[in-house]
């Protein structure tokens, strides 16, 4: 018989163990174990009559055919429990023995979830008016989420003043490989905290992109499952080197860089990226993402109060960046908005102080609903582009700009300068092509075929000094490099490179008019720009001519909008056209079959040959071959005596598996590669990304667990570890209570053996008389009962309370004292431990 006290402890231990382990175990089992129902699927070869015979023989009800061919039948047994954790073995054996049954299966429940929209449960999502359908139109984010897209697998890095990587709404998506501190040159982009919280900008932008959804904190990011990184590069000395390194961080890992900064928006600065930063842009779009091109999303600027123009900002007017403007909830023009021809699209922000602003993460693990400016608009666009990349990860940087142009709508955006360009699209200097629609962007991205290679046509127009008149037009009829390899049929970006002097630069308005009649203002009057330096090889850029035919008369206009006595000289004027040889206005949005394209069909109506110039892929007639295929012409039947040759068949043949696009089936015929592979242009093959030989790249080892993660792990450890430890201690000490003289037990009681595996637990158990020989080294010795085997082993088990708080020592007396904790012979320090 167990003593009452021991039995009570044993019962408590068992109850505690069951209370902890039982529900977890049962829940785990029920979550994974199949639930069997009372219906079977049976296949018989002789049709309905045989199924009826089986049903009558074994007591089933025949619910009819599963497929029209009559071999599969649905049977149900009313005598079988509807939900069971085990299959019905009796019916299993009966069906198995019947020779007419070819196959059978007892059905199990399957959990299926409707892929309808699940609105985030975050408490501040109701404040996110720009994507929760509170305003119409909003950014149409919910439609994309309802399709199961949330930025999964896409990496975005915010180039700014750092990112609070342990923020409760960011740490789950934080990516250390997409982060670095170029101000202090270490892998930790944590912002520097100040009383004014001036370094909150990057954390706020990051939350707009990838704040975690459904975690009951703050709001949700546009791409709430995307990986988010941060580059700390604005909180210190900023140089061309630092900007170039930031824009070149992990280009095979990061898909999108979001930047909400630039030169001063004071209305008089004309400044752009340095040599190294321009090279970083070039390398990014040509080599980033395995050759598909890195996506640089840029805020257009906040200089509206100073009548600034973002075409005087060399970052936003680069062809390699996608410039984003702002509008308010009501579609009004914000007071800080800059007008310029390089802005491509617009997302929401705010205007006056009473306007609703943007909800996002803030420093000190907080949330804010006071984020504003074009700084708030660019990250929203970056998140929407991340959704489009998830839908189609093989879009190039130019593909994305084409899609953004097509997925932007004027909507309710109010401005006086809306114009219709030569291909029928409305465009504005304030809003670009309008409000970006995420649903439309994703729908078009799914079926988008890659744009043909970029062409560049350089046309020098003025190269001798020419006086600038108060109103002056320079006209040039161009062929867009027709007859040459760089011929352009459809425009993308148009640049004007100017060198001129002017007595008051801000008074000179410059415009460009295309052959199709679209007039774009390259720079408007800037009252605060009183410089007399003019423009020295400055490049203006316009996106207003997108998809137009560039052939014809181009007109550069220069007009004095200020003092009548202003004078100047035009030294050089070069027109630079970028685009493709394809007529983009005629292309379909994806591979489509047209009945008129098919020449020959088989007996089942499937196309076997297409009209030239279409290519056949499977049974589809395509204008050109999609990625992973190349255009190929094959001769099906050669000419012979009395037999004419069959016309060549135009087909899409498969590329080698290592290629994304190619010119042949060999692994040496690649023209672009899948990320993270890179193209060896000399060999024409795809290989793994080369290591970065510049600054030491962050590695996975640089990831440090955030305080929030550590707290969660600590709570789990306390919740589950403490009861488990108590249970183990009880089991370990129980044999000593059972076998100690005070309980009248014996050291050979069977429960003693159950606790011996945890010998350390005995340090807290019932004390015994102190053995001699220990007082010299351990004045606070607390021995337990005699060790296993009694005195025959010549040792005792006990605990020695040592003061180990002093300085660490690697030997001597302190090490000898530590060795006394454990098994030891009488008067010696040694044994099992």
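Cβ coordinates are placed from backbone N, Cα and C, and glycine is handled just like the others.
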Per TrEMBL, the range holding region 'Disordered', considering 621-641, 642-662, 663-683, 684-704: 684-704
Position of peak Cβ density within 10 Å, selected from the active-site residues 160, 201: 160
For the domain 'P/Homo B' (451-583), the number of residues DSSP places in helix, strand and coil: 3 helix, 72 strand, 58 coil
Inter-residue Cα distance where the pair is residue 201 (active site, charge relay system) and residue 375 (active site, charge relay system), in Å: 8
Alpha-carbon spacing, residue 160 (active site, charge relay system) to residue 201 (active site, charge relay system), which is rounded to whole Å: 7
Mapped DSSP class for residue 160 (active site, charge relay system), helix or strand or coil: strand
Reduced DSSP assignment, residue 201 (active site, charge relay system): helix
Neighbour count (Cβ, 10 Å) for residue 375 (active site, charge relay system): 25
